[in-house]
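Feature annotations, courtesy of TrEMBL:
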- GLU157: active site, proton donor (ACT_SITE)
- ARG118, ASN156, TRP324: substrate binding site (BINDING)
- CYS122, CYS165, CYS167, CYS170: Zn(2+) binding site (BINDING)
- 21-391: domain 'Glycoside hydrolase family 42 N-terminal' (DOMAIN)
- 404-613: domain 'Beta-galactosidase trimerisation' (DOMAIN)
Amino acid sequence: MSHPEPAPAPAGLRRLAFGGDYNPEQWPEEVWHEDARLMREAGVTMVSVGIFSWALLEPDPGRYDFGWLDRLLDLLHVNGVRADLGTPTVVPPAWFYRAHPEALPVGKDGVRYAFGARGAICHSSTAYREAAAGITEQLARRYANHPALAMWHVHNEYGVPVSACYCDSCAAHFRRWLTARHGSADAVNEAWGTAFWGQRYRSLDEIEPPRTAPTVGNPAQQLDYARFADATMRENFTAERDILHRLSPGIPVTTNFMTALSQCESVDYWAWGREVDLVTNDHYLITDGRRTHVNLAMAADLTRSVAGGAPWLLLEHSTSGVNWQPRNPAKRPGEMARNSLAHIARGSEGAMFFQWRQSRRGAEKFHSAMVPHAGTDSRVWREVSALGADLGLLEGVRGTRTVADVAMLWDWQSWWAQSLDWRPSEDHDARERADTFYASLYDHHLTVDFAHPDADLSAYPLVVVPALYLATEETGRNLRRYVERGGTLVVSYFSGIVDADDAVHPGPYPGALRDVLGLTVEEFSPLLAGGTVRLTTPEGAPQGPGLTGDVWSDVIVPRGAETCWSYADGVPAGRPAITRNRLGEGTAWYISTRLSGPDLDAVLDRALADARIAPRTSLARDVEAVRRTGESGSYLFLINHTGTAAEVPLETPGTELLTGERAGKECTVPAGAVRVVRLDG
Ligand code: GLA
Ligand code: ZN
């Protein structure tokens with residue numbers, strides 16, 4: 001599908017962004033001049049500055065030192081580099097904590113964290129809120145009209161390293177939040193099901209955060225606390241943003257997300273995406289042996305979706321290895337450019353890095369940078385400069401939008417709910433299902449938009465629902481409407497089970513999705529560790545390959561749905577395993593066990609046929625074809641993650657922008673390379 005309105009380029013970016021986090025306070029000023037020269041040499045257009053600079057900017061309470069930042073911004077400006085200027089509110093100075101120790105956050109176990117790292121913040125602390133507003137206001141007043149200012153970078157990665165604080169101020173704040181959400185103690189008792197285990201509250205004053213308890217805490221209380229913690233961080237973000245909007249009008253305000261990292265699961269980015277002027281994202285390859293480029297594509301698609309399809313910006317990734325994973329391999333030659341261009345293909349308006357110059361001291365001195373410890377006579381530097389030059393050839397893609405083929409539903413709140421304790425199987429992992437379904441769509445060469453379960457899905461021929469445990473009645477109606485009007489839906493097990501309060505929908509499972517799927521589930525029957533179930537196609541049904549599932553099985557009663565595969569063994573032997581329900585103009589598939597790889601592909605092939613999506617057989621595995629389109633034209637990004645050259649047939653001829661060569665009936669993409677064809681017409 002294509003997004004209708006033409007995309008305005010984010011006001012602050014006048015070119016594709018290329019640069020990184022720049023922390024000159026770690027270096028003597030003569031190095032800054034060397035930095036500026038190298039930035040020009042590499043084609044850097046923007047750097048993020050001041051993110052961790054509070055202690056330098058306000059060395060004593062109420063005494064400010066802006067001299068160094070004035071000189072730095074002036075230096076950037078004369079060198080044609082623009083600034084993504086941070087509000088340094090992720091690390092208040094040591095003196096602040098001396099005066100306000102209560103602003104340090106408290107863990108679930110009641111232990112208060114210490115100063116000495118970063119991100120030690122109780123977001124309910126009045127002292128913190130006042131101090132953050134104060135420094136933000138000072139910066140906005142001083143730099144609103146600085147010619148180098150491109151955009152504002154509020155805070156850093158809300159949600160990590162502390163996702164929630166359990167202190168007494170947060171307890172009081174939580175009670176106020178509960179009053180706004182539920183109204184009264186009786187309503188909370190009802191929503192949380194406190195009749196179970198005798199947890200009834202007479203008044204909201206008796207309610208505490210879900211701190212460490214003897215056994216499993218109330219699940220609905222935990223879910224509400226996750227919502228509260230997310231909303232509290234968002235309050236602090238919007239408070240800073242509003243100051244910046246007031247004092248620095250016209251300059252976009254962002255905060256860097258980490259959309260697809262499971263470490264950052266505590267942030268509901270659907271809500272955050274609506275609050276920022278430009279969605280920005282940080283993405284680091286998880287080098288655990290999985291296909292990292294698939295996770296990268298997923299992160300980029302999710303970020304674009306959080307931005308409502310509009311252009312967004314990759315604000316951080318790495319030139320080579322990171323230093324916070326168990327093992328941190330260097331990137332292979334060409335990999336950094338491929339990563340960068342893969343983000344741009346999926347909607348990023350540039351490629352930025354953490355960080356410009358590799359630190360000599362501190363926790364991240366072994367994290368790669370644009371200027372590595374090895375200096376400029378190094379592969380990393382040569383690749384950085386080459387990428388800067390390449391981006392200069394791609395200016396046309398700015399403001400265009402990535403074209404998606406299908407949608408996948410994703411909801412952080414559902415993820416929070418199904419990650420709570422005492423579920424039918426600890427082997428079920430919602431994030432794993434999303435990753436696996438995404439990988440299958442990726443292997444079908446389909447570009448994926450992510451959608452909130454209540455979003456309008458009518459533009460997509462296929463919608464995939466990997467694991468949507470929490471699904472409201474409204475979501476059920478939305479999916480039913482989508483199918484009735486001709487959509488093809490694919491739903492995996494343990495979806496549609498509870499409402500927004502984690503209460504099981506009345507009647508048999510899957511409450512919210514019974515109608516659309518045309519079945520009920522009498523019982524779940526998760527498998528023992530390592531167990532598998534075999535699936536076969538029943539007599540009379542279209543024949544298909546035998547499949548193997550693991551982790552889960554359901555005891556299904558069809559109520560209108562046809563059985564496409566049934567269980568050959570296990571508790572539900574002889575009963576339906578994979579079903580297809582024709583409803584109105586469309587079709588809804590249900591997969592009641594965990595399928596992966598070719599087994600999942602085989603079922604998705606059938607669903608894709610229902611959705612009339614033709615297989616893209618001309619592309620080899622791990623060769624991506626992604627299109628961005630807009631007023632300036634249509635750009636086909638061909639990304640070859642394999643070790644052999646790929647010949648990609650073109651429907652429309654065009655000009656390859658990185659080589660300047662004409663591309664006629666096909667385009668050759670060398671091993672590990674990227675080609676960007678501006679299609680004629
Ligand atoms: C995060 C942070 C950066 C840096 C990088 C690399 O994304 O925002 O400050 O720590 O990770 O580790
Ligand atoms: Zn707190």
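Yeah, the Cβs are placed from backbone N, Cα and C, and that goes for glycine too.
Projection of TrEMBL feature records onto the structure.
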| residue | record | DSSP (3 states) |
| --- | --- | --- |
| ARG118 | substrate binding site | coil |
| ASN156 | substrate binding site | coil |
| CYS165 | Zn(2+) binding site | coil |
| CYS170 | Zn(2+) binding site | helix |
| TRP324 | substrate binding site | coil |
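In sequence order, PRO105, VAL106, HIS123, SER124, SER125, ALA164, TYR166, ASP168, SER169, HIS173 are the same-chain residues whose CB sits within 8 A of the CB centroid of CYS122, CYS165, CYS167, CYS170, the residues recorded for Zn(2+) being left out. In this structure, none of the binding-site residues CYS122, CYS165, CYS167, CYS170 sits close to ligand 1 with a C-beta under 6 angstroms from any of its atoms. Using a 10 Å radius centred on the Cβ of CYS167 (Zn(2+) binding site) and all shown protein chains, the other Cβ atoms total 21. Considering only the residues assigned to substrate binding, ARG118, ASN156, TRP324, the longest pairwise Cα distance works out to 17 Å. Comparing ARG118 (substrate binding site) with the residue listed as 'active site, proton donor', their Cα atoms are 11 Å apart once rounded. Comparing C-alpha positions, ASN156 (substrate binding site) sits nearest to CYS122 among the binding-site residues CYS122, CYS165, CYS167. Within 10 Å of GLU157 (active site, proton donor), counting CA to CA, the binding-site residues CYS122, CYS165, CYS167, CYS170, TRP324 contribute nothing. If you take the C-beta of TRP324 (substrate binding site) and look for same-chain residues 6 or more apart in sequence within under 8 angstroms, you find GLU364, HIS367. In this structure, the recorded positions that sit close to ligand 2, with a C-beta under 6 angstroms from any of its atoms, are CYS122, chosen from CYS122, GLU157, TRP324.
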